[in-house]
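Per Swiss-Prot, the features are as follows:
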- D719: active site, proton acceptor (ACT_SITE)
- 172-177, R190, N205, N215, Q236, 449-454, R467, N482, N492, Q513: FMN binding site (BINDING)
- L600, G601, S602, G603, D604, T605, G606, S607, V608, K623: ATP binding site (BINDING)
- 1-11: compositional bias 'Gly residues' (COMPBIAS)
- 40-51: compositional bias 'Low complexity' (COMPBIAS)
- 97-117: compositional bias 'Polar residues' (COMPBIAS)
- 286-295: compositional bias 'Polar residues' (COMPBIAS)
- 312-321: compositional bias 'Basic and acidic residues' (COMPBIAS)
- 364-376: compositional bias 'Basic and acidic residues' (COMPBIAS)
- 400-473: domain 'PAS 2' (DOMAIN)
- 594-881: domain 'Protein kinase' (DOMAIN)
Amino acid sequence: MASKGTEGGHGGVERKEQQQQRGYQLPRDSRGSLEVFNPSSASSFRTAAAAPKSASPFLAIPDREEDNVVAQQRAAEWGLVLQTDHHTGLPQGVSARPSSGSARTSSEDNPQQQQSAAAIPRVSEELRAALSAFQQTFVVSDATHPNHPIMYASAGFFNMTGYTSKEVVGRNCRFLQGSGTDPHEIDKIRQSLANGSNYCGRILNYKKDGTPFWNLLTIAPIKDEDGRLLKFIGMQVEVSKYTEGKKDTVVRPNGLSESLIKYDARQKDHARSSVSELLLALKNPRSLSESSNNTLKRKSQESLSMSMTEVPSKRSSESGSRRNSRSGTRSSLQKINEVPDQGNRTRKSGLRAFMGFLGMGHGSVEKNMLKPRDEDPLIDSDDERPESFEDEFRRKEMRRGIDLATTLERIEKNFVITDPRLPDNPIIFASDSFLQLTEYNREEILGRNCRFLQGPETDRATVRKIRDAIDNQAEVTVQLINYTKSGKKFWNLFHLQPMRDQKGDVQYFIGVQLDGTEHVQDDAAKEGVVLVKKTADNIDEAAKELPDANLRPEDLWANHSKVVLPNPHMKDTASWRAIQKVLESGESIGLKHFRPVKPLGSGDTGSVHLVELLNTGEYFAMKAMDKSIMLNRNKVHRATAERQILDLLDHPFLPTLYASFQTKTHICLITDYCPGGELFVLLDNQPLKVLHEDAVRFYAAEVVVALEYLHCQGIIYRDLKPENILLHRDGHISLTDFDLSCLTSCRPQVFLPEDADEKKGRKNGSYPIFFAEPMRASNSFVGTEEYIAPEIITGAGHTSAVDWWALGILLYEMLYGYTPFRGKTRQRTFANILHKDIRFPASISVSLAARQLMYRLLHRDPANRLGSYEGANEIKGHPFFRGINWPLIRATAPPKLEIPLFSKDDMEKKGLVTNNRTDMF
């Protein structure tokens, strides 16, 4: 963190400056940090002198007056006031300093002020223990002091910078600056400190020995309940290894970035999530420890000590007898297998096999499972609602869609991608594993040719083979000696493969390295050759998701300027007729044809507005996305996919695309306006934040039908949540927001009934089943935190089964008012998703059929998840949906709600209030 004024260099500490900032010498802990986290610890105030027994109550330990003075001084360093007991004089905690700045004793504090300080840690030993448990590198500074002196620094900070605690505590962080530090970035930091706001950015800092390093700095303010600024927490992450550094400004001749991926946005997303944990510890260390215990321990006190990376093959409660689904792995799911297969999953569950032996079919198993038992294992005796969130930022963060990595970035192999269309065929992408293997930083190799790996013992004839393959645009696999940055020699099984575009022209070269300790014979190398070739094929497929880096910037958005043609089912609506009238006049639909009415929402890349097509009375929703933000956040291919997906949709429960166009700064999509708003708002408006089961059944059934249609089109939705379910005037749903969806090809299939007697089968209702699903799996890290499936977190590759997991979470939220795996932080939520058993509170009455449906949808193994074998047909046939007329669901009347979707006012007026504001961007 920086303050006004600059301090050049990065060496030592002046004693005079320390004395001016601190004014006096305070006690230090074993590392030398000030004991500012221990103002109320009894051990700090107890005296070794024995007090007269007759004058002392039982267990009372008198304190010396000077100890309390020292404690008051320590508390003052934090802008706090020490509170003491009226009778014993023992320290009882701390309270916030009044805004006037005058220190008052506890006897002068009124209850209002004590309540306003409730968000400040009062049990310092707990706070100290909580902070010491974090592995992050961070400092805490005093925001009440104009120079923002450091009051606490973690051990990681000393290790990263090389400074000692005596050289850090009491100083401003500007001593990390140097000649290469960007002054514009420092100005941003100063502005954030002055405004008491958040900051996240990458700056060049210097260690004590003068070594420069890239520091991803995240600053967050700590305020009391009255909004008074008390502290700043600054978390540092050294990202020199993985950031593109100053190469982020290097562009191609076409004006686009030379690097295939922009890493700053990725790293900032991770940093913001990590700093939220620290903020939680500072505000309430006790709740942090308690919630940790509740999260990591089952009710039986059995410890679930697995880390988030240790993914169990089954939950402890998931025995074969408790799952009723067909677990065979489908051949059509062509996964990108960048992690080892988790064993053979083709074995049927014990319950299913046993029932088959008894002659009971699938339906019989269902009926048997729905028989009530004396003791239902799915019901939790305690109502374990997740903790509430006082932090508004955290509440918004956990409900927004996240895009943390593309499939290409999650391939954990040593490889680079080069572009032969640029001079000297430079590297434009390098995997993290490649950086680890070669010991180079990403900044050091982007834009360079791969020859820097060569050394004195590298065989020139082998290098010539690689050059010939590049010239001939052919594949080649060789073994050669390469060298790491430190000069370490290693044998490299290297595979070069050209990547071609749709026209057959070479777009990139993919280079995959398999390191070894020694040269291996050709026969022994065959296994390695197969591995590197398979990896190259996966890289080729993953890289094709991204836009061609050699395109002109205007070509990236060309698809959005295409005319949208009406699909069969919607072409005769009033909205389409109004759009067609404009097109028939010879004009292209653009921003000038719409009048802004009001904003409907906003996100990371743009906003949604309610607009009226001029002089028609027809209202639409316009989604406007900022081009520059899309480029910086690696979302160009997401926007392209969303435009393609919307063009395919022709379904009553999905949006209709009427037009798309672009301005100099934005791309715009025109779709249906749903006056009923979000299902999330409807849920929130209900008295208990939940829906009755008949309403849940209605909305869930329409979601199933919509997902079935998407899967038949080869679309994996990947962002199902109440915020993305909009409601039409008639109360029916429309899924929206496809920027995180995956578009691939589809494989339709027909399953014949098992009964060979066709007439008998039809009599029993066993008709042929149509089933279609997306053929190719993805491995992108996308979704919404609370709804993300386990296989997305682990990076094992995911299919359309992630949508059925999200359906289970949606059902749970509609029935119970919250999601089952929500945690205080993103990391804890992900850990819960991977390890925590699903439980159903007994305080809310939910039918056994509903609980069993959620239980089967929330199976961590996607191969055993309900819907993995027959898709939506499996879910439609579940007893929870008994009574749903699936072919006529569109004609079903929406259920009555405690708080109706619309008030008694004129429905046409809802949300259509005129707004004269015309600047939407």
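Cβ coordinates are placed from backbone N, Cα and C, and glycine is handled just like the others.
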Inset, instruction - Could you measure the widest C-alpha to C-alpha distance across L600, G601, S602, G603, D604, T605, G606, S607, V608, K623, the residues recorded as binding ATP, and give it to a whole number of angstrom? - result: 14
Inset, instruction - Return one of helix, strand or coil for F175 (FMN binding site), based on DSSP. - result: helix
Legend entry - DSSP three-state assignment for Q454 (FMN binding site): coil
Inset, instruction - Check the Cα-Cα distances from L600 (ATP binding site) to the binding-site residues F175, R190, Q236 and tell me which is shortest. - result: R190
Inset, instruction - Just name the winner among R190, R451 (the binding-site residues) by count of other CB atoms within 10 A of its CB. - result: R190
Inset, instruction - Return the member of S602, V608, D719 nearest to Q454 (FMN binding site) in space, with distance defined Cα to Cα and candidates limited to these recorded positions. - result: D719
Legend entry - Neighbour count (Cβ, 10 Å) for N492 (FMN binding site): 24
Inset, instruction - Determine, to the nearest whole angstrom, how far the Cα atom of R190 (FMN binding site) is from the Cα atom of D604 (ATP binding site). - result: 24
Inset, instruction - Work out, from DSSP, the number of helix, strand and coil residues along the domain 'PAS 2' (400-473). - result: 30 helix, 14 strand, 30 coil
Inset, instruction - Measuring CB to CB from D604 (ATP binding site), give everything in the same chain under 8 Å that is also at least six residues away in sequence. - result: R400, I629, R633
Inset, instruction - Look up R190 (FMN binding site) in the DSSP assignment and reduce it to helix, strand or coil. - result: helix
Legend entry - S602 (ATP binding site) and R451 (FMN binding site), distance between Cα atoms, whole Å: 47
Inset, instruction - Taking the recorded ATP site as L600, G601, S602, G603, D604, T605, G606, S607, V608, K623, identify the other residues of that chain whose CB atom sits within 8 Å of the mean position of the site's CB atoms, giving them in sequence order. - result: A624, M625
Inset, instruction - Among S602, G606, V608, these being the binding-site residues, pick the one whose CA is nearest to that of N492 (FMN binding site). - result: G606
Inset, instruction - Would you count the other CB atoms within 10 A of the CB of N172 (FMN binding site), including those on all shown protein chains? - result: 21
Inset, instruction - Using C-alpha atoms only, work out the spacing between S602 (ATP binding site) and D719 (active site, proton acceptor) and round it to an integer in Å. - result: 16
Inset, instruction - To the nearest whole angstrom, state the Cα distance for the pair F175 (FMN binding site) and D719 (active site, proton acceptor). - result: 44
Inset, instruction - Determine, to the nearest whole angstrom, how far the Cα atom of G606 (ATP binding site) is from the Cα atom of N172 (FMN binding site). - result: 37
